[in-house]
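Novice: What TrEMBL lists as domain 'SAM-dependent MTase RsmB/NOP-type' is 24-301. The region 'Disordered' feature in TrEMBL is assigned to 37-65. Per TrEMBL, the feature compositional bias 'Basic residues' maps to 37-46. Residues or ranges marked as S-adenosyl-L-methionine binding site in TrEMBL: 116, 117, 118, 119, 120, 121, 122, 140, 168, 186. The feature active site, nucleophile is assigned by TrEMBL to 243. Look at TrEMBL and you will find 445-479, 508-542, 573-607 tagged as repeat 'PPR'.
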């Protein structure tokens, strides 16, 4: 079942798998597409996420990135650490191109171009690997995406090595040929490898014009490839990648390189993968539990060592550097956000278009003269940028606000809303952030809508929740189970649960639990019990919260027999025992309550609430269950 409620036959997904898969592999491939994708993230070694890495559960490492980890316990999309730059939420396959380049080229004193750089996952990963007199030039033609790219470079503390271009990559070679030691080309593509993460991909594959779409993609990819090849120096390396699986956008594009100049690197042999295509490496989801992906590494024949330090004559730079005296005068007037720079770093401070920037290492810019007037240094020496770049610590919410102000895009604004929700701010504060999306010409997505719905849920804004559901449909954003679960907490849970069913969605434990809670709150015992049975029918295992909703209802009704029957079907836990204890206290069955407390003590489940509930009940009757000293000592033991 897809997110929009429409069925898709496995054979439709099989259309992307016509690259020679045998029947058994094809079956495994199709089965994998039905499973949720594992979450992966990459740690920033300049800002180690100590809070994450020190948690009691182990973070399994990814197979090829030393900084990559799997996340088994929770959804990392809501982590504040991704907005402070401590982690980058990055798909496993997406980490591979940089590792491929590392396998063939030492990343010391090199000039590298990332031709299709936004949003910056590979650029920030690569920049962290650069040493010596190295520079990374990042290109993104669209202004909004270039802002997101710059924001990501800033928060990962690599902007001081980067220059940003906003040009059409197909024509960039006219301004600089044979000037880069390496080029990354993560080409725009049909995205077939994203089937598990983006269900809408299947609709593209099924469309009658899909063949034309692939042909148009391939045409663009060939033009980008030809431009990149011209800008690559002899002896340099080009890493070509896509998140699609078909031959037309991968091998057939690479065949347009001048084969006399192109030496295809043997990736399986160098990286320890099973042998595969002679032109590259194809990652299948069923092999690595990742997205589908293709990557190839090609060396341009000729040339020898790296060419960065060559003292070639250069045209005048588009910026003017400062003297040490000028820097000291400026530093004396600056705020605490300004960095303390070494003399060699001060030599890289320059005025450009009325602002001050920190340039990449100057020797790395030799030979890039005709491209430099088209670039902007990524690190502007201004308070907002310096705070996001990590010049000093800031609270989590501050980082999120900074990212939004500096063009962090939809994700930054969504994080701002989420931070407000977590803080318990009024739901209208989240609405104000959401409304800014339109002002910034950003299109809301499902995650942004769900975050706003969560604000409505916590604020009990039933009318606003229903209005948002209607708006989502008009925006062609299909509500998912998470949307409905949040809306049900604010509005009529029973009616919205039926809407969820009518939308073809399968209820999950959370939506059932919200429904049971609504029934219990209204004293609708039969409905709550029926919902619990329906969960079992849908092969869902009720959690403690679901059971507790029904236990609370039985307690309110004074039906101890039903309460005990339900408890007998559950694994013992402190929540369920506490519900029973409170029910016994409420009914003044204090002897049974004391026996229940003693059982909790034996099972090491008694807590402060357990003791104080019973103590309060006995106090009202002018009694005490045990000596005052013993009971008080038991309470303080919990503190």
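Glycine residues also receive a Cβ, built from the backbone N, Cα and C atoms like all the rest.
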Novice: Return the residues near residue 120 (S-adenosyl-L-methionine binding site), defined as same-chain residues 6+ apart in sequence whose C-beta is under 8 angstroms from its C-beta, sorted by sequence, else 'none'.
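Specialist: Listed in sequence order, they are 138, 148, 149, 151, 152, 153, 156.
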Novice: DSSP on the compositional bias 'Basic residues' (37-46): how many residues come out helix, how many strand, how many coil?
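Specialist: Computed counts for the compositional bias 'Basic residues' (37-46) are 0 helix, 5 strand, 5 coil.
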Novice: Let me check the 10 A CB neighbour count of residue 118 (S-adenosyl-L-methionine binding site). How many other CB atoms are there?
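Specialist: For residue 118 (S-adenosyl-L-methionine binding site), the count of other Cβ atoms within 10 Å is 23.
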Novice: Near the repeat 'PPR' (508-542), which residues from the same chain, at least 6 beyond its ends, have a CB less than 8 A from one of its CBs?
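Specialist: Contacts of the repeat 'PPR' (508-542) (Cβ under 8 Å, skipping residues fewer than 6 from its ends): 481-482, 484-485, 488-489, 493-494, 497, 500, 549-550, 552-553, 556-557.
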Novice: Counting across all protein chains shown, how many other Cβ atoms sit within 10 Å of the Cβ of residue 168 (S-adenosyl-L-methionine binding site)?
Specialist: 12
Novice: Across the repeat 'PPR' (573-607), what does the pLDDT come to on average, as a whole number?
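Specialist: Within the repeat 'PPR' (573-607), the model's average pLDDT equals 69.
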Novice: Between residue 116 (S-adenosyl-L-methionine binding site) and the residue listed as 'active site, nucleophile', find the distance joining the two CA atoms and give it rounded to the nearest Å.
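Specialist: Rounded to a whole number, the Cα-Cα distance is 13 Å.
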Novice: Between the Cα atoms of residue 243 (active site, nucleophile) and residue 122 (S-adenosyl-L-methionine binding site), what distance do you get, rounded to the nearest Å?
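Specialist: Between the alpha carbons of residue 243 (active site, nucleophile) and residue 122 (S-adenosyl-L-methionine binding site) there are 13 Å.
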Novice: Ranked by the number of other Cβ atoms within 10 Å of their own Cβ, which of the recorded positions 116, 243 ranks first?
Specialist: 243
Novice: Which of the three DSSP states, helix, strand or coil, fits residue 116 (S-adenosyl-L-methionine binding site)?
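Specialist: SS state of residue 116 (S-adenosyl-L-methionine binding site) = coil.
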Novice: Tally the residues of the repeat 'PPR' (445-479) by DSSP class, grouping H, G and I as helix, E and B as strand, and everything else as coil.
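Specialist: The counts are 27 helix, 0 strand, 8 coil.
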Novice: What whole-number value in Å do you get for the largest C-alpha pair distance within 116, 117, 118, 119, 120, 121, 122, 140, 168, 186, the residues recorded as binding S-adenosyl-L-methionine?
Specialist: 20
Novice: By DSSP, how many residues in the repeat 'PPR' (508-542) are helix, how many strand, and how many coil?
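Specialist: Summed over the repeat 'PPR' (508-542), the classes give 26 helix, 0 strand, 9 coil.
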Novice: Determine the Cβ neighbour count for residue 122 (S-adenosyl-L-methionine binding site): the number of other Cβ atoms within 10 Å of its Cβ.
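Specialist: Residue 122 (S-adenosyl-L-methionine binding site) is surrounded by 23 other Cβ atoms within 10 Å.
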